[in-house]
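Student: So TrEMBL says this about it:
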- Lys33: active site, proton acceptor (ACT_SITE)
- Lys33: N6-(pyridoxal phosphate)lysine (MOD_RES)
- Arg128, Met290: substrate binding site (BINDING)
- 221-343: domain 'Alanine racemase C-terminal' (DOMAIN)
- Tyr242: active site, proton acceptor (ACT_SITE)
Amino acid sequence: MATATLTIDLNALVENWRALHAQTDCDTAAVVKADGYGLGADRVARALARAGVTKFFVAAAEEGASLRQALGPDPEINIFSGHMAGDTDMISDLNLTPMLNSVDQMLRHFEALPGAPFGVQLDTGMNRLGLEAAEWDAVQDIALAQNPTVLMSHLACADDPEHPMNAMQLATFKTMTDGLGVPRSLAATGGILLGDAYHFDLTRPGIGIYGGMPFVDAAPVAGLAVPVIQVRDVAEGETVGYANTWMATRPSQVATIAAGYADGILRAMGEHAWCYVAGKRCKIIGRISMDMIGVDVTDLAASPKGVELLGPHQSVDTLATAAGTIGYEILTSLGARYTRRYLG
Ligand SMILES: *Cc1c(COP(=O)(O)O)cnc(C)c1O
């Protein structure tokens, strides 16, 4: 096997969704934007649909169109970017539900597709998408007359339960939506973990389903096994890789493994990252190249055939920390070159 294998455990994925759902008394959707956080939106969404998920969210109408082909006519497919210019046919033909996020989008939607489903996105402080309180006051009668499926907003700091922004956004969301009789949604993964007050009628977890933080109890979903191309002896004082950044301080064995930054093993991980061989930790050494990485395997009893970069011993968040980023970016960076294997 010459290429690295990305294993996606759909049973673990479904288990994570169920565990998040079980923390609430409301409906739970699944966010499958960015190709299901890099793990394959079609496979991920079909597994979740089989497990009873009926509502999905993606970022763009194009993603929604492709998801509709994968899921068939029944599930609700919601679009975070709303109804953008040029999206009308796709929204209409594939029965997508845009989360309208500006007065312009409302006008476009009500004029082009009167009676077609939509939700409304409200800004409660993140200042990314959605109507602000004054705009919402001005248009809410018109919007409510068209029967929105949901009123939603998004938390900026939900991964930090102590952050005062959470309570502020919650209060703003309530002020903007209390008593309107429309289903409400505020929480993504982080918001679910903040507790009941944040759950409303529908939650929208993404990262927790894929096994990432802040869902500490998540089962690992992604496994990455990378084959060794070659093992060589390196004498004390010799260097490995571009720019000579690693020098052997003892006679060493160095394995060159078949993955690199083109596969999403971010170059910024540099020498802060580790991999595992049969549970034993081995240091990544030298610069990460486009297609190859050096690993110090001196302390192993035998030359390894391959190494584990993601799996039971190392989570996406551990790798993310090595690169100074978050699990979301590790997952969505995983490359197209891997052999993908789906379990379950
Ligand atoms: C991405 C996203 C989610 C899912 O967030 P996670 O942190 O991955 O659970 C939910 N709502 C909105 C608006 C998003 O953009």
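One-based numbering along the chain as shown.
Backbone N, Cα and C define each Cβ position, glycine as well.
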Student: In whole Å, note down how far the CA of Tyr242 (active site, proton acceptor) lies from the CA of Arg128 (substrate binding site).
Tutor: 40
Student: Whole-number answer please: how many Å between the C-alpha atoms of Lys33 (active site, proton acceptor) and Tyr242 (active site, proton acceptor)?
Tutor: 36
Student: May I ask for the distance between Met290 (substrate binding site) and Tyr242 (active site, proton acceptor), taken between their Cα atoms and rounded to an integer number of Å?
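Tutor: Between the alpha carbons of Met290 (substrate binding site) and Tyr242 (active site, proton acceptor) there are 11 Å.
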Student: With a 10 Å radius around each C-beta, find which of these recorded positions (Lys33, Arg128) has the fewest other C-beta atoms nearby.
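Tutor: With the recorded positions Lys33, Arg128, fewest surrounding Cβ atoms within 10 Å: Arg128.
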Student: Sort out the sequence-distant neighbours of Tyr242 (active site, proton acceptor) for me: same chain, 6+ apart, CB within less than 8 Å of its CB, listed by position.
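Tutor: Same-chain residues close to Tyr242 (active site, proton acceptor) (Cβ under 8 Å, separated by 6 or more) are Gly286, Arg287, Ser289.
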